[in-house]
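**Q** Encoded as structure tokens, here's the structure I'll be asking about.
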Amino acid sequence: MENYINLFIRAVFIENLALSFFLGMCTFLAVSKKVKTAFGLGVAVIVVLGISVPVNNLIYHNILAPGALEWAGFPDADLSFLKFLTFIGVIAAIVQILEMALDKYVPALYNALGIFLPLITVNCAIFGGVAFMVERDYNFGESVVFGIGSGVGWALAIVALAAVREKLKYADVPDGLRGLGITFISVGLIGLGFMSFSGVSL
């Protein structure tokens, strides 16, 4: 249990996908103008990462990994060259299901997210989470915790940035820094804040 708690804390704070690895910056910067919209996208990312990482873990370890098809009578089979294609397909399917669910049950959030909801499919934060799971050889339980933790970390980062950007509307920002300029500085400062967790050993 302690291992899972440590993994979750590490995924949220120490190895934050947005602020440590700078993954998913396109949607991170574009949808962080309002806290409500940022929170909605953050929840969507948590759901997609929380499902896609463990599902891809099962597919990789039971079908794609070298020797994984021993149960089917093919002990020498190695389908790992298909992993990227498979991972993207699974992520796309999950995002499509989420998109249909939001359109039906939360149309206001669906309309607010607009084009950025289907863009979660190609959001490198989602693919990065899945790739890290394979690289670090997580088991199924660890992949569930890592997927949810990575999603929570990304959501926390985008909501924090959205809160700062909402306050910046009332700030006297120099003309040359308005828009993305002050946003990049804000992201850097939030990232520096999260760097303080890098000294934590778990």
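Using the three backbone atoms N, Cα and C, a Cβ is placed for every residue, glycine included.
Sharing the features that Swiss-Prot gives for it:
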TRANSMEM  11-31  transmembrane segment
TRANSMEM  39-59  transmembrane segment
TRANSMEM  81-101  transmembrane segment
TRANSMEM  114-134  transmembrane segment
TRANSMEM  144-164  transmembrane segment
TRANSMEM  180-200  transmembrane segment
**Q** Would you kindly check 11-31, 39-59, 81-101, 114-134 and say which stretch has the most C-beta pairs under 8 angstroms to the transmembrane segment (144-164)?
**A** 39-59
**Q** In terms of Cβ proximity under 8 Å, which residues at least six beyond the ends of the transmembrane segment (11-31) contact it?
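**A** Distal contacts: 37-38, 41, 45, 113, 116, 119-120, 123-126, 128-129, 145-146, 149-150, 152-154, 156-158, 161, 180, 183, 187, 190-191, 194, 197-198, 200, 202.
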**Q** In the same chain, which residue numbers or ranges, 6 or more beyond the ends of the transmembrane segment (81-101), come under 8 angstroms Cβ to Cβ?
**A** 44, 47-48, 51-52, 55-56, 59-60, 64, 110, 117-118, 120-122, 126-127, 130-131, 134
